[in-house]
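Accompanying notes for the structure given below.
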Amino acid sequence: MKLLVLLVCLAGLASVDGGVIQFARMIKVKTGKNALAYNGYGCYCGLGGTKQPLDATDRCCHAHDCCYSKLKSSSPGCHPTLVHYTFYLQGDEIVCEPGNFCQKTACECDKAAAECFKKNLGTYKKSYSNYPNFLCKGSRPQC
């Protein structure tokens, strides 16, 4: 997840239109927040991920990491942070367009995370922004 947010930053500097761009758009649409607000949040949002998630928002990032890991293991050659997919809004609902397995599943992973962020907006704590990983405690939950 932290890699994803880093790529969002880099994508802003380059003319890349991969999955991170669409994910950032989903986050903005669902939460009203810039995707960078999640960079370095808690123990899982942003590059890497370790120990126990701190709150429900951080658990959204852990679940997103798990979704991407499952996708990569089931579809060798799939790079969910780079694959281009399309989605549209039907009212407030994100609808992933059909595509190949990698595109469709990456879109569904991103959609689930954006919806999770929206559902858990009330748990977002500014004090968990740029949270140092060495403060994360406990064991890493299984996917």
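Backbone N, Cα and C atoms are what each Cβ position is placed from, and that goes for glycine too.
All annotation found in TrEMBL is predicted automatically rather than curated by experts.
Going by what TrEMBL states, the Ca(2+) site holds Tyr44, Gly46, Gly48, and the candidate of Asp65, Asp92 recorded there is Asp65. Annotation in TrEMBL places Cys96 in a disulphide bond whose other cysteine, of Cys102, Cys107, is Cys107. Checking Cys45, Cys66, Cys67 against TrEMBL, the residue bonded to Cys61 by a disulphide is Cys45. Cys96 (disulfide bond) falls within a strand segment according to DSSP. Nearest Cα neighbour of Cys136 (disulfide bond) among the listed recorded positions (Cys45, His64, Cys143): Cys45. Taken together, the residues of the domain 'Phospholipase A2-like central' (19-137) have an average pLDDT of 94.
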